[in-house]
Every structure is written in structure tokens, then in C-alpha cells.
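Below you'll find the structure, written out as C-alpha cells, and then a few comments.
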Amino acid sequence: MIRPRKVFAQHWLKSEKALDAIIKAAECTESDRSPKGDCILEIGPGTGILTRRLLPLVQSLIAVEIDRDLCQLLSKQLGKTENFLLLQGDFLTLDLPSYLVAFPNFQKPNKVVANIPYNITGPIIEKLLGTIANPNPEPFDSIVLLVQKEVAERLYAKPGSKTFGALSVRVQYLAECELICTVPASAFHPAPKVDSAVVRLRPRKIEIPALNPRQLETFLKLGFGAKRKMLRNNLQSVIERDRLSHLLEQLKINPQARAEDISVQQWVILANELAVASGEQGVGNR
């Protein structure tokens, strides 16, 4: 048995209950995009406990693993499975479309199902969804991830809650986020110091595009930079307080509101109005 390596933040999932929840959330079925079944991308398959559960349910599964020892183990155990493709490398730097050119039997994945390393959760989600300025032009149907519970709470947080922050806005601008279940630390070997949670992201068409996505990013950084302060104080470096207060009233936003009190759509509308007022409209996204 290969021991988990700290350098890759490895923790082996051992809970059948958690595996069942992940499989159910993935909703592996035939669809218009994949009439023969789903094509799954798994990031960090580890010893393959989730991989083995998924393979009989899908058309194909592409696993990306950075650990060479685990790649050897998976190749030995699953290498002859026709619908399984293993790629050794760092997912964050991997150009998956270029790799798949050499494997015509494996089409572009339409879903992601993964127990990802918690220390690179943010970069992984950004690569899967894109950013406010550059959304993924070919979004996945769904993304099911096992992440740190604290991060999950920020992903699906609602306006007005203490956990609603810039990450909440960035992710919810691009996708609907749903909490599937929580997973205790005891479900892993070795047990991490934190509990975990399964979340499902469904990329969506952006309802109100940001006129200047980069400016929206700037407003989010400023707005959430000091969460205890009122928004009009945090944004006074880019717009006069009185002018901002008037604009907030026009948008039916409480002038005394803090950053976490404003919904995703309100953030976009506010940024768009400020962009128009300052003459800094850019090119919107999809």
C-alpha cells in the first residue's frame, strides 16, 4: 500500500458513504452532449477508490495524477480498462485538449468528479470555471468536488452571511453552487485536521455580463478588503462617497450596506454603473 505523501497533500478517502454521495451527485447518465454516457475528468485519483466506482457508469474516464508512484499503481491495476485513460502530470499546467489529440477514443470530458488537494483548491476551480474576465468558453455540464468544509461554505454562501465573500461572488457569477453533504475528517486516512464537504458546481450562462470584468474584480478586492466597513467607505478610492451613496440608493441598496450584504447580481450591476459613470466599459463576457 502506497503511503500518502504530504508534499501532494494526499489523504485517502475510505468512507463508502462519502463515495456514494459523490457518485450520486455526479449523475452519470446519457445526455445530448454524451449520448453514450458521460466522459469524466478526475483530478488526483490517488489509489483509485473513486475511479473504480465511476468506470462502470461512464463512457470514459480521464484521470490526471501528479504522483508517479500512484500512476504506476493505477496503470498496473486499471491500465487494461478500455474506457480509462491515465495522464501523469500537474493538472494546473496540463494542456488537456493537446493531450487528447493522441487519444481519439477519448473525447473532451463533459463532467468533473474529484477529491482534490485542498492546498490548490482555488487554482483548480479557477482552471475549471475560468475567471470573471475569462470564463471557460466550453464549460463542463457539472463539477463535483470534495473540498475543505470551510471552502465549501464560502462557495455556496448567501448574501448577508458571514461566509459570503469575494470567492462566493467570483464562483457564483460563473456557476450555481450546491452543498451535497459534509464529510468528517475520520473518513480519510490519514485524517486531516479539518472536515470536508462535497459540492456541485453547474456552470451557467451569465445573466448580467460585467461590462468591465477586470474592474469588477477590483471592486470585489476593495469591497471585501475590510468586511467590517461599509461599502461606501471601502470604495471611496474609486468613487466619491456621496456619489456612491446616491448610486446605491438608485439601485435600492442600503447605503450602509457592507460588502457581504450585496448579492452577486447587485455587485455586477453596481460595477457596471460605476464603469459607465467613469467611462471605463470594456468588453463583456459570454
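Just so it is clear, glycine is given a Cβ too, placed from its N, Cα and C backbone atoms.
Owing to the predicted nature of the structure, the values given are computational and were not obtained by experimental measurement.
For H11, L13, G44, E65, D90, N115, the entry in Swiss-Prot reads S-adenosyl-L-methionine binding site, with the evidence type sequence analysis.
Mapped onto this structure are the features recorded in Swiss-Prot.
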residue	record	Cβ neighbours (10 Å)
H11	S-adenosyl-L-methionine binding site	21
L13	S-adenosyl-L-methionine binding site	19
G44	S-adenosyl-L-methionine binding site	22
E65	S-adenosyl-L-methionine binding site	26
D90	S-adenosyl-L-methionine binding site	10
N115	S-adenosyl-L-methionine binding site	27
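Taken residue by residue with DSSP, D90 (S-adenosyl-L-methionine binding site) is part of neither helix nor strand, so it is coil.
In the three-state DSSP assignment, the secondary structure recorded for L13 (S-adenosyl-L-methionine binding site) is strand. DSSP gives N115 (S-adenosyl-L-methionine binding site) a strand state.
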